[in-house]
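Beneath this line is the structure, given in structure tokens, with notes to follow.
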Amino acid sequence: MALEFPVIDPIIFSVGPLSVRWYGLMYLIGFAFAMWFANRQAAKPNSGWTKDQVGDFLFYGMLGVILGGRIGYVLFYQFSYFIENPLYLFRIDQGGMSFHGGTLGVITAVVIFAWTRKKSILQVGDFVAPLVPVGLLAGRIGNFINGELWGRVSDVPWAMVFPTGGPLARHPSQLYEAFFEGLVLFLILQWFIKKPRPAGSVAGVFLLGYGTFRFCIEYFRQPDAQLGLFADFISMGQILSLPMIVGGLGLLIWAYKQATQKTAVKG
């Protein structure tokens with residue numbers, strides 16, 4: 001027997017024409033955590049960051065998430081529709097955000113911020129990477145509350161019948177993503193940053209971890225209706241995750257190789 005989906009009104013409350021939604025609140029929670037955690041990290045001795053720099057980057061980062069997420073969704077998942085309806089890019093009221101697009105937006109923000117502040121791109125990336133997973137966790141919970149991005153049909157005991165997913169029970173894949181891409185990845189990064197690490201390695205762990213978790217969970221997530229599976233076996237989410245896996249692994253190997261070479265020179 002399938003579990004009953006806990007139907008929650010996506011709108012928390014409304015004041016006149018203004019509605020406050022759970023999904024928007026989740027974005028706010030993710031941003032608030034990032035601000036708190038970043039300031040906490042910046043306050044540590046020799047962090048190389050000031051409170052003002054944290055605030056400046058978070059502004060750039062927020063723009064990167066929003067603009068990159070929206071542009072990425074339109075280009076990756078709705079490209080054909082966008083070609084016929086270019087103004088769809090600005091129809092944010094119709095929803096649609098891509099984490100992979102948001103990642104590209106944040107990477108762009110990292111590069112711009114590092115260049116304008118005369119900081120190392122790798123060090124900025126390492127500082128930013130641990131801020132992301134809690135935002136992912138909150139965002140996926142928002143997806144679950146909205147009853148969207150559900151999983152494939154399943155008979156597991158915890159499968160649910162989603163309001164927009166037809167009569168069959170499905171994997172609550174949003175919760176899988178919240179757990180692995182959010183909580184587990186956050187804990188991995190917290191363990192990893194307890195010790196000094198080579199420049200670029202923290203960002204590498206994030207890219208590798210997220211890409212791997214997302215690639216695997218895509219097997220439980222319903223493919224996008226307008227795209228389906230490419231070659232009948234791989235989803236768009238998996239295609240976009242592969243560069244993250246390869247890039248993260250490559251960055252990790254390069255970072256530790258550089259650290260080893262520096263140690264050998266000093267020795």
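Glycine is treated like the rest: Cβ placed from N, Cα and C.
Feature annotations, reproduced from Swiss-Prot:
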- 18-38: transmembrane segment (TRANSMEM)
- 57-77: transmembrane segment (TRANSMEM)
- 95-115: transmembrane segment (TRANSMEM)
- 173-193: transmembrane segment (TRANSMEM)
- 200-220: transmembrane segment (TRANSMEM)
- 233-253: transmembrane segment (TRANSMEM)
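Listed as Cβ neighbours of the transmembrane segment (233-253) (distance under 8 Å, sequence separation of 6 or more from its ends, same chain) are residues 76-77, 98, 100, 103, 200-201, 203-212, 214-215, 218, 221, 223-224, 227. Within its own chain, the transmembrane segment (95-115) is flanked in space by residues 56-57, 60-61, 63-78, 121, 123-125, 128, 132, 136, 139, 148, 214, 237, 240-241, 244, which lie at least six positions past its ends and keep a Cβ under 8 Å from the stretch. Using a Cβ-Cβ cut-off under 8 Å and counting only residues 6 or more beyond its ends in the same chain, the transmembrane segment (57-77) has close neighbours at 31, 34-35, 38, 88-89, 92, 96-110, 112-113, 124, 128, 131, 135, 224, 226-227, 236, 240.
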